[in-house]
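**Q** From Swiss-Prot, for reference:
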type	residues	note
TRANSMEM	5-25	transmembrane segment
TRANSMEM	45-65	transmembrane segment
TRANSMEM	78-98	transmembrane segment
TRANSMEM	105-125	transmembrane segment
TRANSMEM	134-154	transmembrane segment
TRANSMEM	158-178	transmembrane segment
TRANSMEM	220-240	transmembrane segment
TRANSMEM	260-280	transmembrane segment
TRANSMEM	289-309	transmembrane segment
TRANSMEM	321-341	transmembrane segment
TRANSMEM	343-363	transmembrane segment
TRANSMEM	385-405	transmembrane segment
Amino acid sequence: MKQKWIVLIIICIGVFMSTLDGSILNIANPTIAADFKINMSQIQWVVTAYMLVVTATMLFFGKLGDKVGSNRLYTLGFFIFTIGSFLCSMSNNLSTLISSRIFQAVGASILMATGLGIVSNAFPANEKGKAIGITGAVVGIGNMSGPVIGGIILEHFGWPSIFIINIPIGIIAVFLGIKFLPKPVLDEQNKSFDIPGLLLFASCTTLILLAMNEKGNTRLYLGITALIIFLLLALREVKFEQSFIDLPLFKNRNFTVGNIIGVACYFPQMAVSFLLPFYLEQLKNLSPMMAGYVMTVHPLIMVLIAPIAGSLSDKHGAKNILTASFSFMTISLVGMALLKADSPLYLLIVCLVIFGLGLGAFSSPNNSSILADVPPQKQGYGGSFLATIRNLSFALGTAFFSSFFAQSLTYNQKFKSHTSAYVIASNQSYWIAASVCFIGLILTVFFMRKTDKSIS
């Protein structure tokens, strides 16, 4: 087997472990809360602390990987993630579990920050899309299999086992990484590190994510503080020659446009992920298990489409594939915006199939297009930047749609029945999501540069 495919397998192990860990934990949270005798507002910090650390540090580890070697850092990430998993499994109270999750999150952040750049450097230009598409499919498999595997583990072995399963996989991955990951391409031009820029960026992202978990004045104060820190960061990065934010990369049109349309894809996804389970269980009266089956429709389609979309983008360029992707997502969200309480379930499933086509056709062509404009010695930074954008978009999308839906529902209940108010609030949310996707479509059509794959 050629080394590039071994490299891809090693990266996919890390992708699978990190996505599986997150999706399993969502299922295990109620069990852990009952075991520790705590409420759900307390157990949410097991998830929130992990998300804060990952999002705030990914860009740092991406840049660090370019300087010291992404392969070394990736292997270290596996080691830290594995040790963190062991510590989580041994936790006997909430504070210990949160501390262990923070340690584990450092490893996960390294894996997410450096993995995509390693894959991009390992494959030639005409195979990058296919390779990145395979990693996208693994993300979908991890997210889909998490609830199933988690349910089996919780029923037969208890919640510590959801962390124990990471340990043997992690040990194998560490040895594979040491033996097979290629010699790194280092960024020799800039060995210095913008520590103040790093601290400002980490503080800004942390405050944004904390604000998403608060309400009222606390959210407002955190948001204002985050804005002030962002302005300070912007002023510093413009004036400082060797800045933490790699501003020269934004001169590349596809790098800039690709990250902007990333927001237009990932932000609206949360309307579906957050609101749809409530629609299925409360308005369609489906059991949680049946609702779960319905919610696997679009991830399943995504798993099937992602590698195909990656291969097509290698042959025909990313722009046409991304145009189709946003068209599918916009159409599907408009369809969801037209659903009523008594709409047949098959109409929703059709919308989810179309939505899955759009999602599956997005990530690998867009990631490939972004990284094609990034020099080999900066691939770690490029991959970590788009991963940071993705995480922030998910967090902001969840906060926005949950808040908007709740406010719309409360307002409309003054004039309508609960069911009618629910449908109105849901439809309005999907119209907003569709509008954001349509903006992504416009940006793709008019601003993304069409690459000549034959030259690549």
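Glycine too: its Cβ is placed from the backbone N, Cα and C atoms.
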**Q** Six or more residues beyond either end and a Cβ under 8 Å away: which residues meet both conditions relative to the transmembrane segment (158-178)?
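**A** Same-chain residues near the transmembrane segment (158-178) but 6 or more away: 6, 9-10, 13-14, 17, 21, 24-25, 28, 31-32, 35, 71, 74-75, 78-79, 81-82, 85-86, 88-90, 149-150.
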**Q** Below 8 Å between Cβ atoms, which of the listed ranges 78-98, 105-125, 260-280, 289-309 makes the most pairs with the transmembrane segment (385-405)?
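**A** Looking at each of 78-98, 105-125, 260-280, 289-309 in turn, the most contacts to the transmembrane segment (385-405) are made by 260-280.
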**Q** Would you call the transmembrane segment (105-125) and the transmembrane segment (289-309) in contact, using three or more Cβ pairs under 8 Å, pairs 6 or more apart in sequence?
**A** no
**Q** For the transmembrane segment (289-309) and the transmembrane segment (45-65), does the number of C-beta pairs under 8 Å, pairs 6 or more apart in sequence, reach 3 or more?
**A** no
**Q** Please work out which recorded stretch in 5-25, 45-65, 78-98 has the most C-beta pairs separated by under 8 angstroms from the transmembrane segment (134-154)?
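**A** Between the stretches 5-25, 45-65, 78-98, 5-25 has the largest tally.
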